[in-house]
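Colleague: Dropping a structure here in structure tokens format, bear with me for questions.
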Amino acid sequence: MDAPEESIRMTSDPQSKIYVQNPDTHIHLEQGPSAKSGNGRALVLCSVSVACLSGLLMGYEMSLISGALLQLRDVLTLSCPEQEQVVGSLLLGAFLLSLGGGTILDHYGRRFTIILTALLCVLGTLLSVCVVSFWALVVGRMLVGMSVALSGTASCLYAAEVAPAAWRGRCVCVYELMVVLGMLLGFGLSWAFAGVPDGWRFTFGGALLPALLQAGVMPLLPDSPRFLLAQQREKEAHATLLRLRAGIKEVEPVEDELRAIRLAMGAERLHGFLDLFQSRDNMLQRLLVGAALVFLQQATGQPNILAYASTVLSSVGFHGNEAATLASTGFGVVKVGGTIPAIFLVDKVGPKALLCVGVVVMMLSTATLGAITMQSRTHVSSLCRGPGNTANFTLFETGDETDIQTNTPLGLYQPQNKLKTNTFLTSINDTREHWILNHTYNHRTALMETAELSKKDSAKIALQSLHEVSPSLKWISLVSLLVYVAGFSISLGPMVHVVLSAIFPTGIRGKAVSVISAFNWATNLLISMTFLTLTERIGLPTVIFSYSAMSFLLVVFVIVFVPETKGRSLEQISKELAMKNHLRGTLLCHRRKHKATAQPSQEEKALATV
């Protein structure tokens, strides 16, 4: 038989060879496992599960700092700005790598990137644990941040590209579920080691096991067929896809799936990066909607509630590292409980409705928490303890007065009177206008009245009666925070990703999500690294009330600007968003509907007559 004829002949003989015709060239492919036999289902599940360990690591690393920070600020005598740098270092690393991570993904592939980021996580964790210093901790957390940011993108792409089309939604949901499970694990281990000397080392080291497991197993799994096609490795792509689809009945033929991948890749090549910032098809408006959505998502306070959970709880009455960390562990439980129903409700209710309901719950819970923090007098409480504002060796009796100079070295003042009521000053915080005092009574931290500073940078401090946080306010604060977390988990947590994947056309979706992801990390970094400073300046209640106000703005934004995606195809959504008058039409939609009902157009009358 002539070579040209042989190159297009297809045969069902298992011992023969398959030849797939490409529009431009004829590619010779060796026969791989039959799509009708084999265990492709198990291979897909294994590949997705190992890749989604990245979600577990992301959730774990984001949540563990809440409890570990209580120990670290004592071990390393961290000041308020230094605590913010420890928290923000992970976010800074994530932001930096999100800017250029796409190049690594496209050049080296999803599988290699996942392996690389797992090893990077191991390196950052070992640096944080083995070298006990502030800068080693910051650099180690930056490396971990780079790891979780890039691996999160790589694992989602890998899972979507190796799974059959009918499974892709569930595979992405598996990643989201792994994130919240990682958060639960992070909170749980933080509590377990809260009372152990150097327990923060064990908490940080908990990331080593899943990272090493992922780095060890991932090389044994197949690469993404889409990446192989992008690298012009069609023979390998065909063989890999045959392995992944072997034995799965509800999938299209491998050749058809390869053809669909080529068409999608061709559509992506039609759009450049700069197209995102042009008015064609309202692309710039779509980008602004996505950016505003993720900004408001972070501005509702979610990063700070997550990272500073134990710190906030200790200020509202949960004294002691163990108590505050145990209370924050409930956040992980609630996150899991809120994410699971969201997965099942999104197709029935729609993401827009879930966003509105969840954000309203967040708004009410933060308003309640803000009122409680004012009643419990946490508005004069310092959330920071550093080397420059602690005088643990100074003992006073209630009613005593003494002169305390600014920048007093630790232990300068010795006990002036024999301790009678077991009351002693534990911290002094200079806010430029007032001294904010905390003191301990029978191992329970209580708040003191503020005293104005004199022009000579000294103050007459009159020790006042104890102000205990009542048990009822303490537990209402915890419930308010748990309700806030539940509202976030059923709405902003998973639904923002659903909306972002729907408002951009297929050809430019990857570029758009990358830009918004970088903006998301930058916003997260800004909010997390200013939380303690803001609470010192304006007070915790004011900060909490600002979160409630941002939640209200977010509800209005979702109602006005976020399109309804329930029961609509991506093509329908994109067509509507591409209309030049979409923004104006959205703002006036209710007025137009009313007008259309009252006065039908001539075309509608003609159609009705027909």
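Yeah, the Cβs are placed from backbone N, Cα and C, and that goes for glycine too.
What Swiss-Prot lists as N-linked glycosylation site is N392, N429, N438. According to Swiss-Prot, the topological domain 'Cytoplasmic' annotation covers 1-49, 106-118, 163-176, 223-286, 347-353, 497-511, 564-610. As annotated by Swiss-Prot, topological domain 'Extracellular' applies to 71-84, 198-201, 308-325, 375-475, 533-542. Taken from Swiss-Prot, the feature transmembrane segment applies to 50-70, 85-105, 119-139, 142-162, 177-197, 202-222, 287-307, 326-346, 354-374, 476-496, 512-532, 543-563.
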Colleague: At a Cβ cut-off of 8 Å, and with pairs 6 or more apart in sequence only, do we get at least 3 pairs between the transmembrane segment (512-532) and the transmembrane segment (85-105), yes or no?
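Modeller: Answer yes: the transmembrane segment (512-532) meets the transmembrane segment (85-105) with 3 or more Cβ pairs below 8 Å.
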Colleague: Give the nonlocal contacts of the transmembrane segment (177-197) in its own chain as ranges (CB under 8 Å, at least six residues past its ends).
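Modeller: Apart from its flanks, the transmembrane segment (177-197) reaches 52-64, 66-68, 70-71, 203, 206, 306, 309-310, 321-322, 325-326, 328-333, 335-336, 338-340, 343, 489, 493.
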Colleague: Which sequence-distant residues neighbour the transmembrane segment (142-162)? Criterion: at least 6 residues beyond either end, Cβ under 8 Å.
Modeller: 44, 47-48, 51-55, 57-58, 61-62, 89-98, 101-102, 104-105, 110-111, 113-114, 117-118, 120-121, 123-125, 127-128, 168, 171-172, 174-175, 207, 211, 222, 224-227, 244, 514, 517, 521
Colleague: Please work out the mean pLDDT for the residues of the topological domain 'Cytoplasmic' (223-286).
Modeller: 79
Colleague: Determine which recorded stretch among 50-70, 287-307, 326-346, 476-496 has the most C-beta pairs below 8 angstroms with the transmembrane segment (354-374).
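Modeller: Comparing 50-70, 287-307, 326-346, 476-496: 476-496 has the most Cβ pairs near the transmembrane segment (354-374).
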Colleague: Which listed range (50-70, 85-105, 202-222, 287-307, 326-346) shows the maximal number of Cβ pairs under 8 Å with respect to the transmembrane segment (476-496)?
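Modeller: So the stretch in question is 326-346.
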Colleague: Are the transmembrane segment (50-70) and the transmembrane segment (202-222) near each other by the rule of at least 3 C-beta pairs under 8 angstroms (pairs 6 or more apart)?
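Modeller: Counting Cβ pairs under 8 Å, at least 3, so yes.
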Colleague: In the topological domain 'Cytoplasmic' (163-176), how many residues does DSSP assign to helix, to strand and to coil?
Modeller: 12 helix, 0 strand, 2 coil
Colleague: Give me the stretch from 50-70, 287-307, 326-346 with the greatest number of Cβ pairs under 8 Å to the transmembrane segment (85-105).
Modeller: 50-70
